[in-house]
């Protein structure tokens, strides 16, 4: 079964990086990645499918416009079944607590440790 | 006998001062001696001793002769000349009378009435002379008094003059001191101003640090991530080549080439941020260089945003850059202009952030702060607009915002120098213009016009 993951970051090169990092998983068809470059765009993608196919959202916190934490709150409010994890350069306790209290599954700091990220995604794929 | 008395009278007056004229102590001593001699002669003549008294009488003639002679001939005694002339006829008559009496008493007796008449005339003469003399003396004394008055006035004027001169000198000294103090104060102020400008620069650099760290961290992450992933890809490439999958190998190669491009791109990005930071911290040399205004605005917009974001975790805002790709590089002082942009953008975020806080207190959480920087090429140069949707600037303080030390921010949040420095940089440094339009509670827009240099 294919798992669809949404990655939200205002840095466009993140897409290229993720596609290469999960090259094998994408090729084998176990993983599908989609990308949004702002919170609004992310909500748009989630809203475009009913019910949304995305099962996991990884979002940057620090973005112009809607912040990742705001996006987290909105996603959790509308789609409680979707997992949301945060990826932030600001790995301070304030952000961490706010994210976890708002229902984030995990909190990853930048630079992204792709090993732990792969583990997290791998676990999710197995669950599916 | 009369001659001796006259001698006494004459000597008495001679030694006394007349008006302001005084005789010297030596003369007084001589006159005292003369008076004693006259007194002695008077007494001796009075006793009427034969021969001795006659001798004394002759001596008294000699004495008075001496007195008259000395008085008339001596320079120091000229002022008593009048007195001597007054007495002279009486003396003359007396002497002749006495001589005649001694020589021929019968002759004297015969003409006694004439002698008496001569004595009366001499007396009248003496009185006339005395009246005349005293008149002259009074006139002289009046003249002296006037002279004294003038002298006094002159002295008063002199003392006033010296007093005035002293006062002028004192005032001059005071003024010079004040001038020196003021010059000193001015120097101190100029030094303080330089320090403040430096402090302002450092403060904005401090605000920037977090933003810079974030901005550098991001490209560095990409550099690291893309090089990691490229290593992985190359390992896979090796496997694919060994397996003889040329198609997959080519695909991987394409990715690696793309990744190296990305590494280069992000490396450059970090590089330009560091350069920008150095530009900002370095004291401005005022050196103008060809600068990409679009890139400069983009850089500082991001630095400002991330700086504020790093300082205040709850801070969120939207920002937008409207570039004008047709704008060519312009000759500006990039560090200075960057500082202006940073300042205006920071202010914009601050104003919009304050509005968000105020609205949130009233329960409105929908408001999203936004700062837009737009660049527009015009014939004369470039127009840069920094617009925020914040609280706006009240009309009454609009005129003051460019004044040094004017700030509406709470103590410790603003130096009050940001806008005044921006004003100087734009107007003096680049011959440009900086204007502000604002609608309270709606927006503020700063417009910078920089002419082609």
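Each residue, glycine too, has its Cβ placed from N, Cα and C.
According to TrEMBL, the transmembrane segment annotation covers B:30-49 (among others).
Within its own chain, the transmembrane segment (B:55-72) has Cβ neighbours under 8 Å at 1, 3-4, 6-7, 10-11, 14, 34, 37-38, 41-42, 44-45, 80-81, 83-84, 88, 91, 95, 98, 102, counting only residues six or more beyond its boundaries. Taken from TrEMBL, the feature transmembrane segment applies to B:55-72 (among others).
Here the transmembrane segment (B:84-108) has Cβ contacts under 8 Å with residues 2-3, 6, 9-10, 54, 57, 61, 64, 67-68, 71-72, 115, 118-119, 121-123, 125-126, 129-130, 133 of the same chain, all six or more residues outside its ends. Annotated transmembrane segment per TrEMBL: B:84-108 (among others), in sequence order.
Annotation comment: TrEMBL describes B:114-131 (among others) as transmembrane segment.
Residues or ranges marked as coiled coil by TrEMBL: B:131-202.
As annotated by TrEMBL, domain 'Histidine kinase' applies to B:211-453.
Long-range contacts of the transmembrane segment (B:114-131) within the same chain: residues 82, 85-87, 89-90, 92-94, 96-97, 100, 108, each at least 6 residues beyond the stretch ends and with a Cβ under 8 Å from a Cβ of the stretch.
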